[in-house]
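Structure record follows, encoded as structure tokens.
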Amino acid sequence: MSGAALGLEIVFVFFLALFLLHRYGDFKKQHRLVIIATLLAWYLCFLIVFILPLDVSTTIYNRCKLAVNSSPAESNGSYVTLAPSKQKCFKPWSYIPDGIMPIFWRVVYWTSQFLTWILLPFMQSYARSGGFSITGKIKTALIENAIYYGTYLLIFGAFLIYVAVNPNFNLQWNQLQTIGIAAANTWGLFLLVLLLGYGLVEIPRSHWNGAKRGYLLMKTYFKAAKLMTEKADAEENLEDIMEEVRKVSESIKYNHPLRKCVDTILKKCPTEYQERMGRNMDDYEDFDERQNSYPSEKSLVKLHKQVIYSVQRHRRTQVQWQILLEQAFYLEDVAKNETSATRQFVHTFHSQEPENKIIQYFYTPTVEWYWECLLRPWFYRVLAVVLATFSVIVVWSECTFFSTKPVLSLFAVFIQLAEKTYNYIYIEMACFLTIFFLSICVYSTVFRIRVFNYYYLASHHQTDAYSLLFSGMLFCRLTPPLCLNFLGLTHMDATISHKKTQPTAYTSIMGSMRVLSFIADGFYIYYPMLVVILCIATYFSLGTRCLNLLGFQQFMGDSEMTSDLIDEGKELIRREKRKRQRQEEGENRRREWKERYGNRDDSTRNRAVHTDQKESSFTETNANRSLSKYTRSNGRTERDRIELLQDAEPLDFNADSVNDDPLESDSGRYQPGGRYLSMSRSKIFDDV
């Protein structure tokens, strides 16, 4: 099994990163380089988290071997036996041979640092550039990153000059490398504690609130009101941008030098706008530089950037609105089914996507009712209690991990107890659960935060390239200090434990922090205690209250603005529900009519021809009858026909349009002359 566990985890983590990227990114529309760079960044960060427990177990075994070599011992098979205590050092099942882990960590770490500090920032600017050529986009990206790179080079150059001038410093290349790593980890630890303090409280609380159906439904109404405002703003912004594109397209003709740039912009526009602009364009007119003032290439680059942004935002809001509607309808169905006597879950609307037959066989309406109405709330409550317990342990360990005598960090106590018996499976499981929970608290915060429309990770393939690359940068900067913090909590870092033992391979790559003693003995130890203050602030929702005071509406139960937005969202959901009900009823009615009268097309067609002949002969022979009698007969016929149309549901004045009535498009229009038009589809009134 030597190295097999490492290979299995490498493959598993790759597919995990690929699955998450497929959920948030769009492989078909986004550039391949963006997908590859983001996938590589996510993959390396997840890989560090999953491989580090193997490094811990391998290090404990190597320490055991060193202890055996320094005392009289005898070898027996795959383990070594100490002479005085007869203690056995079993080789772990996931043991990684010597020399592999240092090379592995060195490649993974420096690749991630190259991505986060050099490649990904450059690709961010490249992805947001509105240039029409690769050279133009590269030029824009270099100009935008000149200040970014120049700041770091200036700081590093000033530091090198200070070291060269000061005779008290005699730094070598390895020490300079360690200083660079320490600077990067210090920046990452500063951001790590902020995100960790939020996640330690918000994750258990979100699961506890997930058991409250009324809370979730009210929050969904609140989101609907906010999303409708954003959706309307995105539509208005898109209309304004498309109007500018139309003016530019009409002013720049087919033989203008910048026409290729305009065609590139038109390809990024939605299809309906492309068709509309194509119909209004006169390509036969030549341009005249003396008569018209044409936009410059710089203004077209800016317009191209605005088009890409507005189209992406409009598409994202449309998809999110449909997803939010489905969520609101489902929560309303759960609230209705809680009082069901049949104990079978009944959906208001059928699923638009075809369900798996295996899932339908096992996940029956009865099973769904028991899960959604009875078991799921209790499951979320138990899970919230477990997560809250983990959060308390993490907060306690963050405040006490610097104490070695006695050992107060609970994670260090667990690892040391397992180390005495060399229970490697327990060691790896404890390490994995610890670092996995820390990663969930940090990474989930990265997925939840939203900086206006500048950074936003939206699921269902709605995340833009800039946000994907920015998330990759954050992961690469947060993961190394996260792992060092985990090793400090478990006292596997010699800097924290103050023991002269063999360090882990990951710690050996980071170098000795004793080069910067004020960071190793000060910042790394005492700054994580700040997580207590952040947890208290998150528990009392201080950040949410501050944003609400600044005008950014947040969901707060005791706020009047929140109540108004909930009422508004409830009305929006009710309106969309009525609209969808009318659509389904219309489709069902048309389906029933088709099944009922579909086989009578031929007979009704012949009957209609025969009826027309009889009506024509009847009209010729009775041309001298009185006009009043004809009028009464015609009025009676009209009343009969109106009665046939009274089955249709009356239109809702709150609806977005008045074309939702299925009879309006299928049954035709009645003319004063007594004849119906557009009767070829339904064939309903052919017998009249």
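Each residue's number is its place along the chain shown, starting with 1.
Just so you know, glycine gets a Cβ as well, placed from its N, Cα and C.
Note that TrEMBL annotation is computational and uncurated.
Just so it is clear, the model here is predicted, and its values are computed rather than measured.
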Check your understanding: Which residue range, 224-251, 252-279, 336-363, 476-503, is the one TrEMBL calls coiled coil?
Key -> 224-251
**Study point:** Tertiary contacts of the transmembrane segment (378-396), as residues 6+ beyond its ends and Cβ separation under 8 Å
**Key:** 196, 200-201, 203-205, 207-208, 210-211, 408-411, 437-438, 441, 489, 531-532, 535
Review point. Taking 3+ C-beta pairs under 8 angstroms (sequence gap of 6 or more) as contact, is the transmembrane segment (425-446) in contact with the transmembrane segment (523-542)?
Key: no
**Study point:** For the coiled coil (224-251), sequence-distant contacts whose Cβ falls under 8 Å of one of its Cβ atoms, 6 or more beyond its ends
**Key:** 262, 265-266, 269-270, 273, 276-277, 280-282, 292, 294-295, 300, 303, 306-307, 310-311, 313-314, 316-318, 320-321, 324-325, 328, 553, 565-566, 568-569, 572-573
Revision key, fill the gap. Whole-number mean pLDDT, the coiled coil (224-251), equals 93
**Study point:** Residues of the parent chain within Cβ reach of the transmembrane segment (33-52), under 8 Å, 6 or more residues beyond its termini
**Key:** 6, 9-10, 12-14, 16-18, 20-21, 25, 27, 104, 108-109, 111-112, 115-116, 119-120, 123, 127, 431-432, 435-436, 439, 465, 468-469, 471-473, 475-476, 478-480, 482-483, 486-487, 506
